[in-house]
Structure formats: structure tokens, C-alpha cells
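Chemist: From TrEMBL, here are the annotated features:
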| type | residues | note |
| --- | --- | --- |
| REGION | 1-30 | region 'Disordered' |
| TRANSMEM | 67-87 | transmembrane segment |
| DOMAIN | 67-479 | domain 'Major facilitator superfamily (MFS) profile' |
| TRANSMEM | 107-125 | transmembrane segment |
| TRANSMEM | 132-151 | transmembrane segment |
| TRANSMEM | 163-183 | transmembrane segment |
| TRANSMEM | 195-214 | transmembrane segment |
| TRANSMEM | 226-248 | transmembrane segment |
| TRANSMEM | 296-319 | transmembrane segment |
| TRANSMEM | 331-353 | transmembrane segment |
| TRANSMEM | 360-381 | transmembrane segment |
| TRANSMEM | 387-408 | transmembrane segment |
| TRANSMEM | 420-437 | transmembrane segment |
| TRANSMEM | 457-476 | transmembrane segment |
Amino acid sequence: MSSSEKGSGKDAVVDTSSQNSVPPPDHVSESGGIDAAWKFLDTHRDDVAGATPIDINRLRWKIDLHIVPIMFCCYTVQFLDKVILNYAAVMGLNKDLNLTGNDFSNIATFLFVGLLVFEIPNIFFLQYFPAAKWLGANVLLWGVATASGAAAKNYQTLLVSRVFLGIFEATIGPSLILISSQWYTKSEQAPRFSLWYLGLGLGQILGGAISYGFQGVDANASFVGWRIMFLTLGLITSLIGACTFFFLPDTPMQARWLSDAEKVALLKHVSVNQTGIDNKKFRLKEIVEGILDPQLLLILLSVILLSVSSGVVTTYSATLIRNLGYQPKQAALMNMPSGAVSIFFTLLVGYGVRKNSHRWAWILACIFPAIIGGALMSFLPSSNKNGILAGIYLVNAVVAPLAVFYNWVAANVGGSTKRAFAAAVVSGSFSIGNIIGPQTFQARDAPDFRPAKIAVMGTQAGCALTTFLLFVYYVWQNKKRNTAAETEDAFLSPEVWARMTDKENKRFRYSY
């Protein structure tokens with residue numbers, strides 16, 4: 001745990017009348033740009049002089065009520081819109097669209113191809129457009145893409161709709177990372193990441209219940225159950241996107257439900273992050289630095305390995321359960337406990353990181369049960385249904401660490417351009433893993449799909465190794481910086497570090 005993270009968020013009040021921490025913007029170089037937060041502080045320091053100190057705990061709760069539910073809804077529908085393909089597979093989609101061979105795996109894969117391809121332009125859009133507005137617009141559009149899947153007539157038309165779904169979903173992870181980093185300190189971010197990330201577990205549970213309900217539609221109807229499911233969820237998603245666009249503030253400075261004194265208190269409170277709030281200056285050298293940064297390479301490898309199993313869970317869990325001999329309705333319902341497992345481990349790591357910040361250890365605490373689940377799926381005889389089911393459920397522990405990697409990026413990457421790039425790296429790595437995951441399911445391996453199950457186990461073991469190496473790297477970097485700190489200036493003013501990356505700011509300490 002970095003020294004800057006210890007105790008952050010513990011102060012009960014923030015004195016908004018103090019001007020010592022509000023720097024004049026005159027010393028900011030034009031090449032680096034001025035962070036919008038420090039402009040706001042400089043403009044309003046006279047307005048809040050003599051104001052009553054703000055209770056930061058009360059302020060944090062107020063922010064939670066306005067911000068977290070919107071992010072939670074966005075993440076819930078993004079997972080639901082992915083996972084309904086999983087449930088549609090047991091609702092007759094393959095038969096209705098004449099899917100054969102590896103068609104279904106390809107459809108699942110190309111959603112993430114679209115997501116991966118759009119990560120690069122997404123970096124630029126997030127630099128030039130407010131993250132909240134960009135997120136809201138894309139949620140609305142991916143709702144349209146989901147609904148259009150209801151009109152699919154064959155393999156090609158469904159494939160196109162899923163590719164567009166991936167393109168519009170590309171911004172979900174990076175946008176939520178950037179939004180969360182604006183409102184919370186490093187130690188406060190972990191439980192908030194967990195809260196909106198709970199949408200994944202809820203999506204699994206709702207997906208099973210929704211699939212079960214729509215399977216009651218007559219199979220001979222002109223508009224069958226899976227088509228109604230696609231249309232309904234698409235319209236709900238678009239509604240949530242519109243609400244996000246209009247009600248989620250672009251920055252704390254634009255929150256109409258905060259007073260100027262509360263905004264100043266919040267900006268001073270989160271300044272401990274030393275990552276800035278909102279700087280629209282694009283710096284190409286930060287992209288280059290990110291490409292050469294060992295921490296981002298290790299995060300990329302870790303998330304790819306982690307997400308292979310995620311691809312299996314998202315696309316094939318209902319099929320694996322059905323192949324145990326259960327009927328489609330039973331398979332839908334019996335996949336719901338997977339969501340409960342996801343929620344349990346997500347809450348566990350969120351609470352654990354908030355208490356002691358050892359992110360690497362909590363990631364391993366989720367990976368080991370997933371490895372056990374992979375072993376149960378791979379090596380138990382098909383007659384042991386309960387054991388295989390337990391394995392399928394345990395593999396879902398692996399979804400929780402992704403929230404920790406998101407949080408690591410928000411906490412450990414400085415510089416607005418580099419942080420947007422790092423968020424895209426995590427999201428892109430997630431896509432690569434999800435591209436690989438469904439491709440481990442080949443038609444020739446049905447119905448047991450043993451190679452895919454073994455891949456789950458092997459990739460999790462690899463992720464455990466790369467995560468531990470990332471921890472070692474952070475400890476080494478902090479020790480180097482602590483040794484060098486004796487010869488450095490004792491103070492860096494906020495207008496300086498707000499436009500610096502974690503590499504440039506030698507007083508930055510990595511959280512692990």
C-alpha cells in the first residue's frame with residue numbers, strides 16, 4: 001500500500017476556507033494544459049472564504065447516491081446485453097437462424113473484436129468529449145444494437161448487430177474508470193468500483209430469470225421468445241443511456257446538486273490522488289510512455305489471461321449446464337447462482353481492498369477458487385453433475401478481479417492521456433481474452449468441451465503469476481522512489497503534478 005493511500009478519506013471535515021492548497025494557475029505551462037479542477041479552485045477560493053467546514057463523510061454519501069446507481073445500471077445492462085446470447089442459445093436461436101459448426105462461437109467472438117478495434121479511437125474521444133456524455137450516448141446506441149438483434153434472419157445479420165454492440169460497448173470500462181477517479185480518493189475508489197461492478201453479477205441473475213420468463217412464449221409464434229428478449233432489453237438499455245447522458249455530471253465542478261463549498265472540499269479531498277481531474281490536452285508522449293510502461297504490460301497480460309475464463313462464463317455457461325442433461329428452462333434457472341458467486345467475490349475484494357489495499361492478494365484469493373472450479377469441470381466424470389455444477393459456479397469467482405484491475409489503473413496511472421490509454425488497455429485486454437475464450441469451444445469437442453475447460457484452469461494459473469510479478473514491480477518502484485526522495489524537492493504544487501504522469505512525478509507512489 002502506498003503512503004499516499006494510507007488514511008486517505010479518513011478526515012471528517014475539509015476546511016474550504018483555507019487557501020494554502022489552492023495554487024495560482026500562472027505557473028502552468030501551455031504545453032501541459034491546465035487541469036480544470038485547479039481553474040475552478042482558483043476562481044472560487046474567495047467565494048468560500050470563511051465558509052463552514054464540510055463534513056467529508058456526509059459529502060461522500062451524497063456523491064454515492066447520485067453517481068454510483070447510474071454507473072451500476074450502465075454496467076448491469078452492458079453485461080445483460082452480452083449474456084443474453086448465452087441464454088438465447090438454449091432458447092432456440094441456433095435452430096431459428098440455422099447456425100452450424102462454429103457459427104455461434106464466431107458470433108460471440110466478433111462482439112469483442114468490435115470492442116477491441118474501437119478501443120483506440122475511444123482514447124481520443126475520451127480526451128475531447130466529457131466521459132459522462134460519451135458514456136451516455138454509447139449506452140443509448142448499444143441498446144439500439146441489442147434491439148436490432150431481434151430482427152436477425154441468419155448468421156450474418158446477427159453477427160453484424162453483435163459487432164456494433166461491441167463497438168458501442170468499448171467505452172464502458174474506460175469511461176467508468178475515468179469518472180470514478182474524478183470523485184474518489186484511491187482508497188475510496190475500490191469499494192465504489194465493486195459497487196458498480198456488482199452489475200455483472202446482477203446481470204447473470206436477471207439474465208437467467210428473464211430467459212426463463214421469455215421461454216414461456218410459444219415456440220411457433222411469429223415473434224419467438226429470444227427475439228422479444230433482445231428487443232425488450234435493448235429498449236431498457238437505451239432508456240438508461242438517455243438518463244446517463246442527462247443526469248450524470250461531466251465533472252464534479254458541473255454537479256448542480258453540489259454547492260461551491262462542497263465542490264471545493266471534494267477537489268481538495270481527492271487531490272491526494274495526484275492524478276488530476278479533467279485535462280483535455282492530448283499528449284502523444286504519454287501514449288508512448290504507456291506503451292513502454294512495464295506495469296501496463298503486466299496488466300495487459302493479466303487481464304487477457306483472466307478474461308479467457310470470463311469469455312467462457314459469458315457465452316457458454318448455460319450451454320454447459322444444459323449439456324449435463326437439463327432442459328432449457330432448467331439451464332436458465334440453474335445458471336443464476338453464478339451471479340450470486342460473482343456478487344460475493346466482488347463484495348469481498350471491494351471490502352478487502354478498502355481495509356488493507358493489498359489488491360494483488362485479493363486477486364489471488366479469487367483466482368484460486370476459479371482454478372479449483374476449472375479442475376472440477378475438467379476432470380470429474382460427466383455422471384457427477386453436482387460436482388461439475390459446483391465447478392461452473394466457482395469459475396465465476398474470476399469475474400471479480402477485473403474490477404481490481406480497473407481500480408489499479410485509476411489509482412496508479414497519472415496523466416490524463418496516459419490514464420485514458422491505460423483504461424483502453426484494460427478494456428482491450430478484456431476483449432482479447434473474451435475473443436480467445438469462446439474459440440476454445442470447438443464443435444468437434446462437443447458435448448464435454450474438455451480442452452476449453454482445461455484452458456480455464458491454465459489461464460488462471462498464468463494470471464496468478466503475472467499478478468504477483470506486478471506486485472513485485474510496484475514494491476520495487478516505491479523503494480527506488482523512497483531512496484531518491486531525499487535528494488528531491490519537498491513539495492510539488494498541484495498545478496505541476498496535475499499535468500504529470502506517474503513516471504514523471506517522482507513523488508507519486510504506487511498502490512498495491
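We count from 1, first residue shown onward.
Every residue, even glycine, has its Cβ placed from backbone N, Cα and C.
Here the structure is a predicted model, which means the values were calculated and not measured.
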Chemist: Same-chain Cβ contacts of the transmembrane segment (195-214) under 8 Å, 6 or more residues past its ends?
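Modeler: Residues packing against the transmembrane segment (195-214) from afar: 68, 71-80, 83-84, 86-88, 90-91, 176, 180, 225-226, 228-229, 233, 318, 329, 332-336, 338-343, 346-347, 350, 396, 399-400, 402-403, 406.
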Chemist: Using Cβ distances below 8 Å and needing 3 or more such pairs, separated by at least 6 in sequence, tell me whether the transmembrane segment (331-353) contacts the transmembrane segment (387-408).
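Modeler: Yes, the transmembrane segment (331-353) contacts the transmembrane segment (387-408).
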Chemist: Which residues, given as numbers and ranges, are at least 6 beyond the ends of the transmembrane segment (67-87) yet have a Cβ under 8 Å from it?
Modeler: 93, 107-108, 111, 135, 139, 142-143, 146, 162, 165, 169, 172, 176, 179-180, 183, 192, 195-200, 202-204, 206-208, 210-211, 226, 229-230, 233-234, 236-237, 240-241, 243-244, 247-248, 314-319, 332, 335
Chemist: Against the transmembrane segment (163-183), which of these stretches has the most C-beta pairs under 8 Å: 132-151, 296-319, 360-381, 387-408?
Modeler: 132-151
Chemist: The transmembrane segment (360-381) vs the transmembrane segment (457-476): three or more C-beta pairs under 8 Å (separation of 6 or more)?
Modeler: yes
Chemist: By Cβ distance under 8 Å, which residues at least 6 away from the ends of the transmembrane segment (132-151) in the same chain are close to it?
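Modeler: Distant Cβ neighbours of the transmembrane segment (132-151) are 74, 77-78, 81, 84, 125-126, 157-158, 161-162, 164-165, 167-172, 175-176, 179, 223, 227-228, 230-231, 233-246, 248-250.
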Chemist: Please give the sequence-distant neighbours of the transmembrane segment (387-408): residues at least 6 beyond its ends with Cβ less than 8 Å from one of its Cβ atoms.
Modeler: 173, 176-177, 189-190, 193-194, 197, 200-201, 204, 299, 302-303, 306-307, 309-310, 312-313, 317, 320-321, 324, 334, 337-339, 341-342, 345-346, 348-350, 353, 359, 362-363, 366-367, 369-370, 372-378, 380, 423, 426, 430, 456, 460, 463, 467, 511
